[in-house]
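> One structure is given below, represented as C-alpha cells, and several questions about it will come after.
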Amino acid sequence: MKTPFEKIRIISCILVIVSTNVVGQKCNGGANCIPLEECTDLFQQLKQGNSPQLTRLLRGLHCGFEDLNSPKICCPPEFLARRSAFSSAGTNSNPTSILPNEKVCGIQNNDRIFGGIQTEIDEHPWMALLRYDKPLGWGFYCGGVLIAPMYVLTAAHCVKGSDLPSSWQLSQVRLGEWNTSTETDCVEGDCSGPVQDIPVQQIIAHENYDPNDKDQQNDIALLRLSRNAQFNDFVSPICLPTSNELRQNEFESDYMEVAGWGKTETRSESDVKLKVRVPIVNREECANVYSNVDRRVTNKQICAGGLAGRDSCRGDSGGALMGQSPKANNWYVFGVVSYGPSPCGTEGWPGVYTRVGSFMDWILSKLEQ
C-alpha cells in the first residue's frame, strides 16, 4: 500500500509534468485514456523515480484528469502487458498492440558523436546480451534487440546454430549494459541504473531455419522473457518496420549502423558497447560476391559493409542492423546479424543480415500478451 506521502509525491510530480499539456487530446495507436494508476507498468516506473525520458513520455501521453488529483494518460498497450497477462492466454488477436508505438520505440536521448567507435553510455538502449550457462561457468556470446517489454529479436543461429555447443543453455537476457567489466557504468557523472538480467521463458526459432544450411536462410528468432523489461534512459525498445514502405525498401545508397560488443559463438572482443556505420550494398552485387564461395543471397537478406575493418566485427552475432526513420528520427531494426566473411571486415565482402521486413508477418504471428 502506498503511504500518503508517497502518493502525494507521485501526484505532485505528475501535475508538474502534465500541467503544460492540452487536456482532452485523443489517443492514438490503440492506447486508452485511463487514470495513470491503472497504467500499471508506467506507474511503477514513476514510483521508482522520474527521468527526462519519462517526463517527455508523460507529457506526450497526457489526455485529461479523472479529478483534480488523478491525471489521465493515453496508456500504450505495452504498459498494460503485465495486467493483460492474467486476463488473456494464447495468441494475441491483435499482435501489433503489443509493440511500442513511435512515442516509445527507437528513441535515444544522447548527443551522438558521428564517426565514433565507442558508443555513448545511453546510446542504442535496446541492445541486449544473451547469456549462456556452460558446464564450467557462463558467458555472453550473442546479442539481440528489445522490441517489446517481453520480447527480444535475435538470430536463429544463436539458439540452434551448428557452432553452438550442445552443453550450452541460453538462460538470460541482459538489458541496460554498456561496459561489461564494471558493476555500475558512469561517464562524466552520467550513471546508468543497474542492468536488468531477465530469464528467458521461451525460445522461438523460425521453423524453417536449418543450422546446417550454408546460406543461413530464415536466420531469425524471438526470445520471450519471463517478465517485462522496465523502460528507462538505458533500456527501451527499438521500432520494427511494420509499414509496407519500410518492409519493402531496399535502402540502397543508405548508411546504417551496427552496434554491440563484438560477441559471437567463437570470440569476445570488447567490454564496451561499440558501433560502426556501414553502407547498404546492392543485393545483386552482394550475391555475385558470395557466389564465389557457393553461397546464395536471397531477397530475404540484406547486405551491408564491405569496408576494410568496418563491418559487423563491432556488432554481435544476432545483433541488429539499424537505421533512422527520415520522418521522425526513430531508430528501426532492419537486419539481424547472420554471417559474413572470415576474417571479419574483409574489404569487398559485405556482411549478410536477415531482412526483418521479410519476416514481419512471422514475428507478429508469434507475439503473445
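Yeah, the Cβs are placed from backbone N, Cα and C, and that goes for glycine too.
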> Which one, Cys13, Cys74, Cys75, is listed by Swiss-Prot as the other cysteine in the disulfide with Cys39?
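Looking through Cys13, Cys74, Cys75, the record in Swiss-Prot gives Cys75 as the partner of Cys39.
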> From the disulfide entries in Swiss-Prot, identify which of Cys286, Cys344 pairs with Cys303.
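Disulfide mapping in Swiss-Prot sends Cys303 to Cys286.
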> Could you identify, going by Swiss-Prot, the member of Cys13, Cys27 that forms a disulphide bond with Cys74?
Cys27
> Of Cys158, Cys191, which cysteine does Swiss-Prot list as the disulfide partner of Cys186?
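The record-listed partner cysteine is Cys191.
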> Of the listed cysteines Cys105, Cys142, which one does Swiss-Prot record as disulfide-linked to Cys158?
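Between Cys158 and the options Cys105, Cys142, Swiss-Prot records the bond with Cys142.
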> Measuring CA to CA, name the entry from the recorded positions Cys63, Thr182, Asp185, Cys286 that ends up nearest His157 (active site, charge relay system).
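Result for His157 (active site, charge relay system): the nearest of the recorded positions is Cys286.
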> State which of the following disulfide-bonded residues has the fewest other Cβ atoms within 10 Å around its Cβ: Cys33, Cys63, Cys74.
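It is Cys33 that, of the disulfide-bonded residues Cys33, Cys63, Cys74, has the fewest other Cβ atoms within 10 Å.
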> Which state, by DSSP, holds Cys33 (disulfide bond): helix, strand or coil?
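Looking at the DSSP assignment, Cys33 (disulfide bond) belongs to a strand.
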> How long is the line from the C-alpha of Asn179 (Ca(2+) binding site) to the C-alpha of Cys63 (disulfide bond), rounded to the nearest angstrom?
39
> What mean pLDDT score does the domain 'Peptidase S1' (113-368) have in the model?
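Here the predicted model's pLDDT, averaged over the domain 'Peptidase S1' (113-368), is 90.
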> Near Cys191 (disulfide bond) in space, meaning Cα within 10 angstroms, which of the recorded positions do we find among Thr182, Asp185, Ser317?
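Taking Thr182, Asp185, Ser317 one by one, the ones whose Cα falls within 10 Å of Cys191 (disulfide bond) are Asp185.
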